[in-house]
Amino acid sequence: MAGSRVKIGLLIPLQKNLLVDYSVSNIPIFQGGNVIGRNNLAISDKRVSRKHVSLHTTVDGSAEVVVEGPNPVIVKSGDQRKKLSTQDKALIVHGDIIELIPGNYLFKYVTVGNEHASSSKTDSSFLRKEKRHCEEESSAVKRNRHILEDESLERTLQDNDNLEQDDAVAITPGHSQLKPHEVLASCENMEAIRHFSVPKDRLSLIFRLMRVQGIPAWANSCSVAIRDVIQGNVLVAILSNYMVDIDWLMSACLDLRKIPHVLVIHGESGATVDHLKKNRPANWTLHKPPLPISYGTHHSKAMLLVYPQGVRVVVHTANLIYVDWNNKTQGLWMQDFPWKDQQNLRKGSSFENDLVDYLNTLKWPEFNVNLPVVGNVNINPSFFKNFDYSSSKVRLIASVPGYHKGTNMKKWGHMKLRGVLEECIFDKEFCNSPLVYQFSSLGSLDERWLAELAVSMSSGILNDGSPLGSGKPLIIWPTVEDVRCSLEGYAAGNAIPSPQQNVEKDFLKKYWARWKANHVGRCRAMPHIKTYTRYNGQNLAWFLLTSANLSKAAWGALQKNNSQLMIRSYELGVLFLPSTIQDHSSEFSCAENQILNQGECKSFRNTDVCKTKLVTLCWKGNNGIDSSSEVIRLPVPYQLPPQPYTSEDIPWSWNRQCFKKDVHGQVWPHHVQLYTN
């Protein structure tokens with residue numbers, strides 16, 4: 001038995017960049033004979049034999065590798081790489097690397113006493129710090145908070161203690177799977193974000209990922225923290241969110257204390273609201289929007305920051321709590337807009353109309369402020385008509401609660417997305433191209449509603465006016481192992497709050513795809529970001545960053561023979577589309593009190609405008625880009641094309657019992673602290 005044998009060392013799994021791969025378990029190596037193969041590695045790749053290599057070790061830690069399978073193995077010692085064929089042997093010592101298939105399945109041999117040599121000091125200190133932030137609390141109330149917006153109907157199911165470990169999800173027969181070498185070929189630059197740098201005059205054309213603690217510095221290239229967003233001489237701040245930790249917020253963003261007027265629009269309830277009321281500064285106003293339909297929530301995540309020079313509009317995906325702004329993969333878009341000229345006060349835009357329509361539904365209490373230049377004004381939705389949004393290249397896609405009929409049906413939810421896409425002309429390469437749904441909470445779905453949503457997501461036309469055609473979706477969703485090995489361990493699963501009843505429906509099996517984020521260094525930063533896109537290779541037809549999870553409550557469901565759209569919750573997102581940019585236009589900045597000079601389009605030649613083309617960070621080459629186009633790289637945080645689940649992958653559900661300890665030595669469930677002590 002292994003328990004009675006002498007442990008000599010470990011085989012530590014590595015990524016292609018030779019960093020430790022925390023998503024794969026270490027393999028203990030004992031004195032004497034050890035067999036390494038497909039079964040004990042949980043690898044489905046049949047190039048790896050059941051008995052692939054054997055390791056024969058002695059008490060001094062030296063080991064002899066023997067290739068048992070038919071495929072070659074690479075042993076790397078220092079700068080030397082040696083290829084071993086069947087029955088070839090080689091001696092390995094501490095620090096040597098074995099490639100079970102050349103270029104694939106890398107393991108570092110580490111002898112006893114040196115196990116921690118492969119873990120960076122940064123990772124170790126971070127894990128200790130995060131363990132403190134994930135202290136247990138006595139009440140289970142906070143556990144119930146994240147079922148929130150999408151499936152409040154399921155709340156009573158969370159108290160069921162009779163949970164069982166189900167079998168792993170099997171991939172639907174016939175569903176295409178990418179082989180490991182094909183997956184890597186989809187994004188050869190495994191650290192693509194390292195070189196991601198966007199001029200200030202182009203930042204409004206993209207979204208950015210939020211900064212994550214405990215990942216390599218290169219992975220935070222062009223990322224943002226809350227202090228990068230709320231900055232400068234802000235006169236009025238409207239903060240819209242679901243969860244608000246006022247203690248953390250005030251400490252994380254000291255500039256908030258200087259703002260004369262702050263309106264917090266939230267979705268909190270119970271003791272948290274009492275705490276907010278008790279601890280808010282005197283100049284803060286709290287407001288919870290009306291929820292006319294049961295089981296809805298205010299889930300939108302946005303900021304409106306009024307400056308002497310204009311307004312900053314921010315749409316993002318993070319709750320106003322510590323873990324969301326530090327430990328998870330999140331996204332944020334923002335743009336500054338100037339005041340309108342007096343002669344253009346009545347001139348509007350699609351962005352302005354969508355914004356003001358949405359703000360009108362929130363019903364916040366108006367308040368009066370004295371602003372430079374304009375004097376005394378009421379801060380109400382109509383106030384935001386005073387800014388010039390004509391430079392915006394995104395569209396707002398919002399959801400608001402209600403039974404929407406007639407012309408209002410296409411103002412909200414997935415019908416709004418459908419209406420916007422129907423007006424867009426896309427390149428032929430996106431005809432019948434696939435879709436991706438990526439989010440952090442899964443509602444109680446059925447196939448009929450998924451088909452309804454796919455119609456909206458597949459909308460659009462080609463140059464000849466014919467429909468773009470339906471696209472098949474994949475759902476990117478973390479596995480149990482992804483969560484277990486994440487920066488937060490199982491605690492990260494508290495923000496992926498879908499019960500087994502929702503996750504393990506048979507028809508969903510054909511949709512599951514892996515969370516793979518090597519190119520942005522966020523494999524271990526669990527996604528709280530919500531995105532939807534249509535793609536072909538590394539080219540994007542469109543991309544939506546939103547607060548909306550995959551649920552009827554968030555997107556709406558058609559009723560009464562498709563004459564009515566019922567939505568339960570408030571949501572807000574920004575839709576990125578190919579657009580046209582004026583070469584001599586400029587980007588306005590509130591915080592810097594200046595206009596940023598716009599650089600030339602990358603491929604601009606002898607024309608007054610340039611067209612944009614949306615691509616991922618992994619896009620390479622021109623591939624038919626004409627001279628009047630500019631490539632806009634979006635930091636899509638997951639790999640395209642997505643990698644479907646294997647038979648070993650189990651989708652995460654937050655009421656599944658997990659007895660295998662995570663990176664913090666915890667099992668699941670356990671209570672997680674979400675708010676500051």
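Note: Cβ is positioned from N, Cα and C throughout, glycine not excepted.
What TrEMBL records for His299 is active site, nucleophile. All protein chains included, His299 (active site, nucleophile) registers 28 other Cβ atoms within 10 Å of its own Cβ.
Remark: Lys530 (substrate binding site) has Thr317, Gln438, Phe439, Ser440, Leu545, Thr546, Ser547, Ala548, Asn549, Gly573 as non-local neighbours, by Cβ distance under 8 Å and separation of at least 6 in sequence. Summarising the annotation, TrEMBL assigns substrate binding site to Lys301, Lys530.
Positions annotated as active site, proton donor/acceptor by TrEMBL: His528. A sphere of 10 angstroms centred on the C-beta of His528 (active site, proton donor/acceptor) encloses 25 other C-beta atoms.
Annotation source TrEMBL lists site 'Interaction with DNA' at Ser551.
All protein chains shown were included, and the count of other CB atoms within 10 Å of the CB of Ser551 (site 'Interaction with DNA') stands at 24. Taking Cα separation as the measure, Ser551 (site 'Interaction with DNA') is nearest to His299 of the recorded positions His299, Lys301, His528. On the backbone, the CA of Lys301 (substrate binding site) and the CA of His528 (active site, proton donor/acceptor) stand 12 Å apart.
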